[in-house]
Amino acid sequence: LDFIPLGLTAKITVLNLAHNRIKRIQSQDLQQAVNLRALLLQSNRISSIDEDSFQSLAKLELLDLSNNSLSHLSPVWFGHLFSLQHLHLQGNSYRDLGQSSPFSSLRNLSSLHLGNPQFSVIRQGNFEGIELLHKLWIDGSNLSQYEQGSLKSIKEINHMIINIRSINVFSEIVRDLLHSVTWLEVRRIAFSTGAEMQVLRVISSSFAKKISFRETLLTDATVPEIVSILEDMPKLVELELVDCRLLGTGHWRMQIQAKQSQTLKVFTIEKLSIEEFYLFTDLQAVENLLSLLTRVTVRNTKVFLVPCRISQHLQSLEYLDLSANLLGDLSLEHSACRGGWPSLQTLNLSQNSLSDLEMTSKSLSHLGNLTVLDISQNNFGEIPDVCEWPDNLKYLNLSSTQIPKVTGCVPRTLEVLDVSANNLKEFGLELPFLKELYLTGNQLKTLPGAAPIANLVALSVRRNKLNSFSKEEFESFRRMELLDASDNNFICSCEFLSFIHHEAGIAQVLVGWPDKYVCDSPLAVRGARVGAVRLSLMECHRSLVVSLICVLVFLAILLLVAVAYKYHMVWYLRMTWAWLQAKRKPKRAPPKDVCYDAFVSYSENDSDWVENTMVRELEQACPPFRLCLHKRDFVPGKWIVDNIIDSIEKSRKTLFVLSEHFVQSEWCKYELDFSHFRLFDENNDAAILVLLEPIQSKAIPKRFCKLRKIMNTKTYLEWPLEEEQQQMFWFNLKIALRS
């Protein structure tokens with residue numbers, strides 16, 4: 001769209017015109033859309049907005065003008081948007097926000113996103129009128145000038161995101177946000193030297209509760225300074241590093257003073273890139289800072305070992321996520337050493353390199369407070385019959401661990417067990433306290449025995465191979481509240497559905513075969529009562545019908561192949577393709593493109609005579625003939641059929657050396673095929689036939705009927721065995737080539 005469509009009325013509440021080619025918003029475009037709540041105009045080419053374009057949009061709550069071509073922002077645009085809560089202005093071409101505040105009338109504004117690569121100046125008064133923001137996002141990658149006090153008018157900002165490169169400008173901004181920002185997120189800034197960090201010392205006075213660094217560069221010289229600054233922050237609770245890069249190996253040149261912040265409890269690292277991670281130290285310098293941390297996440301950071309001393313200093317740790325790292329069985333044993341993680345309740349070790357479940361369980365067995373353990377997406381394979389686990393373990397995730405069979409290794413204390421996406425064919429463990437069991441994506445053909453898990457309230461057996469339930473199986477599941485058995489191979493019937501709901505007494509059952517059949521309380525299928533539903537043959541016996549269709553399709557393909565083989569269908573297809581290619585080209589090549597006197601078509605078995613006798617005689621004649629031979633003159637890498645077609649078209653004559661071997665050669669057939677269309681159909685004398693040896697007419701394939709006719713009606717040269725007659729043969733052949 002090049003403009004906003006006409007005819008917008010008061011019935012419209014959401015208008016999405018993103019990703020068009022609109023260049024201008026005019027006064028009358030939105031005049032009637034008085035009930036508009038959301039207006040999405042991002043990714044257009046808007047460079048001009050009439051001053052009263054949004055005058056009638058008093059109910060508008062979301063306005064997205066991002067990624068357009070606005071060179072300035074006018075306060076008049078937003079003067080009547082009294083209900084506006086979300087405003088997106090990033091990705092335009094304005095260099096500043098003007099001399100005053102464009103947002104002074106937006107009293108209900110909750111989130112504001114502005115900035116672009118050209119945005120360079122923030123002036124005092126630019127944010128007047130805004131007192132409270134849930135989120136403020138400033139893209140200031142090239143911000144070079146910030147007037148002190150510009151952001152001070154905003155009393156409270158819950159989440160401040162700033163993309164900035166200049167540390168000096170960043171320091172000035174932070175000075176204005178010391179008491180107003182709850183969560184400060186800094187992106188794409190580089191902390192390279194210790195001297196730079198002195199400018200940021202002002203952050204230590206900030207009341208922010210959470211600090212996030214994204215795509216930030218850190219070095220061995222700046223890490224100690226950052227830690228020192230963050231420790232002085234009086235209310236800091238959470239520190240987050242995401243997609244950051246650390247240059248160094250942890251040999252920090254100045255000792256970190258362990259003032260031990262009393263407020264920092266949560267520390268998160270995700271995708272931290274350490275180029276020389278295999279040389280990284282044991283972090284002894286920071287071990288005294290860890291004792292009060294309660295939640296630590298180090299995800300996707302190539303961690304292969306947590307030093308024992310670090311684990312022992314994490315005295316208050318309750319939650320630890322080490323997923324998507326490189327921990328192995330031996331390194332886990334060292335990381336979870338005696339005295340380490342004494343308060344740990346939740347541990348996530350998914351997507352690591354663990355392979356021995358017995359060793360894993362033993363390494364964690366001393367963690368007396370551990371109740372939740374996720375070791376999914378490791379590669380355990382066969383598991384032993386007996387394992388040693390923490391005494392209070394209640395939740396265990398063993399999904400996607402290549403387990404072919406569950407054994408007594410699984411702890412009896414569990415209340416929740418997830419063994420989805422394995423290769424289980426049966427489940428018969430005695431787990432008296434189990435309440436939730438997840439068996440999705442296995443090979444089960446029957447429900448797990450309910451007697452050993454009498455307290456089960458939720459069971460998921462989706463994507464297995466179940467085909468029916470017996471009444472006996474359901475009798476033992478009386479207490480169950482949820483059964484999800486969708487995507488299986490049930491032989492369906494309305495009576496079966498009714499039994500599940502009415503007799504088994506399960507509150508919520510999902511069986512879906514296909515997924516459109518979802519049975520809930522009261523039991524219904526597509527809104528109809530079970531008794532009124534009539535299922536089709538395809539719905540009741542889907543596997544059987546699909547198998548039958550596959551067999552019939554296979555037999556049809558087999559019959560088609562047999563017919564094609566018997567009646568030379570492949571040959572006809574090849575000929576059709578060659579003919580279509582030939583039809584696209586001119587009847588004769590231009591004289592300037594003809595560069596050979598003759599293209600020689602012969603069998604490989606006759607190559608000795610052709611290459612050592614005929615070629616030598618003709619190419620050494622006076623004047624010499626220029627012959628095209630496939631061995632010598634075909635273009636390497638080009639399709640062979642194209643080589644044949646091009647060679648014939650670039651030659652004045654085509655010389656066929658006929659023999660018993662010739663008519664049996666597959667590639668000689670191709671050359672004859674093309675000649676059949678291009679030469680013989682044109683009734684010219686471009687083809688010269690040389691009979692190297694007597695050949696029976698019946699030996700020529702019947703499908704080359706015109707070739708047989710030409711051999712019967714036109715003269716051809718026959719190679720004489722007598723030496724005195726060979727001179728006459730060469731004389732006649734040269735005459736034919738020059739004609």
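Note: Cβ is positioned from N, Cα and C throughout, glycine not excepted.
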TrEMBL annotation, disulfide partner of Cys409 among Cys337, Cys387: Cys387
Spatial neighbours of Cys387 (disulfide bond) that are distant in sequence (at least 6 apart) but have CB under 8 A: Leu357, Glu358, Ser361, Lys362, Cys409, Val410, Pro411
Cβ atoms near Cys409 (disulfide bond) (within 10 Å, other residues, all chains): 19
Arithmetic mean of per-residue pLDDT over the domain 'TIR' (594-737): 78
Cβ neighbours within the same chain of Cys308 (disulfide bond) - under 8 Å, at least six residues apart: His334, Ser335, Cys337, Gly340
